[in-house]
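As recorded in TrEMBL:
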- A:21-44: transmembrane segment (TRANSMEM)
- A:56-75: transmembrane segment (TRANSMEM)
- A:82-102: transmembrane segment (TRANSMEM)
- A:108-127: transmembrane segment (TRANSMEM)
- A:134-152: transmembrane segment (TRANSMEM)
- A:172-194: transmembrane segment (TRANSMEM)
- A:304-324: transmembrane segment (TRANSMEM)
Amino acid sequence: MSAVSERRQIPDRLGTSTTRLFASWEALLFMVAVLIFIANAFASPYFLNAWNLSDATFNFTEKAMVAFAMALLIISGEIDLSVAAIIALASTAMGAAAQAGIGTPGLVLIGIGIGLGCGLINGILVAGLRLPSIVVTIGTMSLFRGIAYIVLGDQAYGGYPPSFAYFGQGYVFWVISFEFFLFGVLAVIFAVVLHATNFGRRIYAIGNNEFAARFSGIHVERIKFTLFLLTGLMAGIASVCLTSRLGSTRPSIAQGWELEIVTMVVLGGVSILGGSGTIGGVVIAAFVMGLVTFGLGLLNVPGIVMSIFIGLLLITTITLPIIIRRLGRRKPA
Amino acid sequence: MIRQLFKYREMLLVVVIAILVAAFSTRSPGFARPANLANIFNDTSILIILALGQMTVILTKSIDLSVAANVAFTGMAVGMLNAAHPDLPLAAIVLVALGIGAVLGAINGLFVWKLGIPSIVVTLGTLTIYRGMAFVLSGGAWVNAHQMTEPFLQTPRQLFLGLPLLGWTAIVIVGIMYLIMSRTFLGRAIYASGGNPTAAVYAGIDVGRTRFYAFVISGTLAGLCAYLWVSRYAVAYVDIAAGFELDTVAACVIGGISTLGGIGTVAGAVLGALFLGVIKNALPVIDISPFAQMAISGSVIIAAVIFNARQERRRGRIILRDRGASEEIGVAA
């Protein structure tokens, strides 16, 4: 009950721009990132090494690429749980194409094309037929990964052309990997699209009040459709990077990534209810998650225990502000 | 009118399942034999029980993605308990399983009730935490059949009137859930808090507390299934029931339970689970690779969502749609 009334509360007066900056989610998250960085540096002597840090970025770059598009989708009030399955299907298609002797440019086109195709299907089902996105994408998640399983079974594809390895293993400049470079470029593009264009404003408008947005002349369905297409595209691009980095494809590739990507987005301060959030927050959240997993990895903590930390991180970062806000409200004004 | 449509929906599922069984028995004459049907029912028992828990949560406009992780943790706990204390009676072990499951469900419920965090975020977090805890508890070790006691393994296999006790357990749970949902204040409150939360509050129903109880029911049933699962497959390890939460959601969606909350019946959830069970058991009979199962259930989920949406629209919910749509991601899921 209290959650319902809390949600639409608007303060009488916004703080000054400096106080708002320091009180913002992004500032809090940034401090968490710095603390984790310092803790890592103390915990392991191998942490503060340019090449190690560069390797650490591979923990999050692919997921973050998808997380950018997912952030727009969640801000608009929808969600796509099929992203990891799209990565698997695109990777399977690229593997099959590589077996058929198709070269690197063709493989990239196929990977991105499959991503777009899957996004198209989600878009038609959610925006076209107006179905709830959670259930639809749970369905397409089984469908897409299921097709990968039908094609591959318990087999694996390998034998990608050597030049294909560049996307996941190449370096643009010194320790800056191609993936990290792409991550940076995409972060800037998504930040501009979300925060500086008409299209971005409309995404917020839809997420805050779809009904009002429709009456303001926004093509709600068209924008949602575009966002699903965009998410599919990003999953395709992430699939190219991941497949290139691993050099082989199994149908279980990127298993469970949808949850990590949603965690990244929510951790980045995007409201799961839609309507608010920034790309900057998602970028910092990507670093936080990457640093946590890398730091724990240096300490020989098994992957499944790391996932406990990620889960705790997700719940505490959402819970803390709510508890603090409540404690603050109890004080007499 | 609405009752008629409900009947129509469940009748339709019964007819579809009957047609499926008839079609499969043309390929393999033994398929429709009572013994085989009892076998299929027994095989689907765990999914039926978990789907009923999931249904309770979905009816209140929430979702529980942590059920499978709950099964993994509780299953590991009772498996280790049995191995460590073989003289402990089975009743005590089942009670422990129910208790642990209920506590894990209550944790989800408390976050949703007391802090108003969307259930999808909470259970996404606890999903990774609970499974991680199963690893921490066991250190990654397995509990194998030879470590389990005779009653622990054999009790659910005891035949009674041609059906193992596992199947009878499912029947008893179906009966209990039917009584709770149709004959108690709690059942009515569950429907009301999902169907129209605002109206439920005005009717004196504590929506948050009702959601909490729904999560406790889901957790308790998951605890029961944890014992049944470990006993049936005679092994406990960290990854048991991985991804099974989606099967429970799928069973609900196929059974006509609306993900917007408030609509659905016990019979629907049971039939939805049986539908998946029949298909799973039929695949080897009709010579389709077991790898195809995932893609098939994905397609069935999508088809069921499209079908549900058409049914709900026919019922005149289109008037409420825009409000429903804006709430569906947040509160609902």
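Using N, Cα and C of the backbone, Cβ positions are placed for all residues, glycine too.
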**Asked** Which sequence positions outside the transmembrane segment (A:108-127), separated from its termini by at least 6 residues, show Cβ-Cβ distances below 8 Å to it?
**Response** 78, 80, 82, 85-86, 89-91, 93-94, 97, 102, 133, 136-137, 140, 144, 167, 221-222, 224-237, 239-240, 243
**Asked** Which stretch, A:21-44, A:82-102, A:172-194, A:304-324, tops the Cβ pairs under 8 Å count with the transmembrane segment (A:134-152)?
**Response** A:82-102
**Request:** Take the transmembrane segment (A:56-75) and find every residue of the same chain, 6 or more past its ends, with a Cβ under 8 Å from one of its Cβ atoms.
**Result:** 83, 87, 177, 179-180, 182-183, 186-187, 190, 193-194, 203-204, 207, 227-228, 230-231, 233-235, 237-238, 241-242, 245, 257, 260-262, 264-266, 268, 270-272, 274-277, 279, 282-283, 285-287, 289-291, 293-294
**Fill in**
Sequence-distant residues near the transmembrane segment (A:172-194) by C-beta distance (under 8 Å, 6 or more away from its ends) are 50-51, 53-54, 57-58, 61-62, 64-65, 68-69, 71-72, 75, 166, 200, 203, 234, 237, 241, 245, 278-280, 283, 286
**Fill in**
Per the Cβ filter (under 8 Å) with a sequence gap of at least 6 from its ends, the transmembrane segment (A:21-44) is approached by 15, 267-269, 278, 280-281, 284-285, 287-288, 291-292, 294-295, 298-299, 317, 321
